[in-house]
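**Student:** Sharing a structure below in structure tokens format, with a few things to ask.
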Amino acid sequence: MNNATKRVVVPALEEILYEPIKVLDHGFIRVIDYMGDDSAIVQAARVSYGKGTKQLNQDKGLINYLLRHYHTTPFEMCDIKFHIKLPIFIARQWIRHRTASVNEYSARYSILGNEFYLPEPQNIAPQSSTNKQCRESDSLPKEVAEKVLNILEEDARNCYKHYTKLMNTDEEGNIIDDNNTGIARELARMNLTLNYYTEWYWKINLHNLLHFLRLRADPHAQYEIRVYAEKMLDIVKAWVPFTYEAFEEYRMCGANISRKGLEVIKKMISGEKVTHETSGMTKREWEELTKILK
């Protein structure tokens, strides 16, 4: 059989195709398929104004320009499909990005495996006192974290035990008690804790993937989703290195500055002393600007 293809092939991505990349304790990411590379972005962009240039440094410059000026369509020419195993509570956060095609493992048709996520002790922390949606950076004392882990593990194991008891089947689907009918899988699943693992296929174009990564690979993102995003960044780097470099330069390591912020910077450059009180900015805006300028 001749397996030759006329498609664009990225050797670095071919090396990891179908291979599970471990994330968290039981999770993974696998690249299942992809379409296009950096050249596909350039090709789509040049349709707008003719054949143009072909040298690699000029391709790189064009990609930098496109990303810097927020062009979107050329980056939509590349697609990638992942197979991802992740905790249910992270999947619910992830699915809020409504720009991908998703097909998830169904607990109506199948029995969920007995695998659940337990955080590392250093990742167990109290609620942030300044941010309603995240934890403090300092973890709980080791002995307290161990108690938390014991509760999480005990609850998860008990819930799975009751899950199989409600269905009257074990993890493999074998009947437990011939005298017991059990209830439907679609009902029994409601008893499982959110740290149990689910799986899905997730297909997305590069433009929307970069938006996802800008938010979820950010230091402020929840740790458990951020580690998935960081692995995906490595995949993007292997797949479209020019785009990755531009993305890192203009999005991940760049900054958006407001009109007032720009005025403050101009005053500072001219030697004028500017304080929060004289800046005309809110406290949070001022803190964000000073953080950028540090």
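Think of each number as a place in line: the chain as shown, counted from 1.
The backbone N, Cα and C atoms fix where each Cβ goes, glycine too.
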**Student:** Can you say which of 96-106, 118-128, 173-183, 283-293 is given as motif 'ThyX motif' in Swiss-Prot?
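**Tutor:** Per Swiss-Prot, the stretch marked motif 'ThyX motif' is 96-106.
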**Student:** Return the residue out of THR73, THR130 that Swiss-Prot annotates for the same FAD site as ARG96, HIS97, ARG98, GLU104, ASN205, LEU206, HIS207, HIS211.
**Tutor:** THR73
**Student:** Swiss-Prot has GLN93, TRP94, ILE95, ARG96, GLU104, TYR105, SER106, ALA107, ARG108, ARG189 down as binding dUMP; which of ARG68, ARG214, ARG216 does it also list for that site?
**Tutor:** ARG216
**Student:** Could you find out if DSSP has SER106 (dUMP binding site) as helix, strand or coil?
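**Tutor:** DSSP assigns SER106 (dUMP binding site) to coil.
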**Student:** Rank aside, I only need the closest one: which of the binding-site residues THR73, HIS97, LEU206 has its C-alpha nearest to that of ARG108 (dUMP binding site)?
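**Tutor:** The smallest Cα gap between ARG108 (dUMP binding site) and any of the binding-site residues is with HIS97.
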**Student:** Whole-number Å distance between the CA of HIS211 (FAD binding site) and the CA of ILE95 (dUMP binding site)?
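**Tutor:** HIS211 (FAD binding site) to ILE95 (dUMP binding site), Cα-Cα distance: 14 Å.
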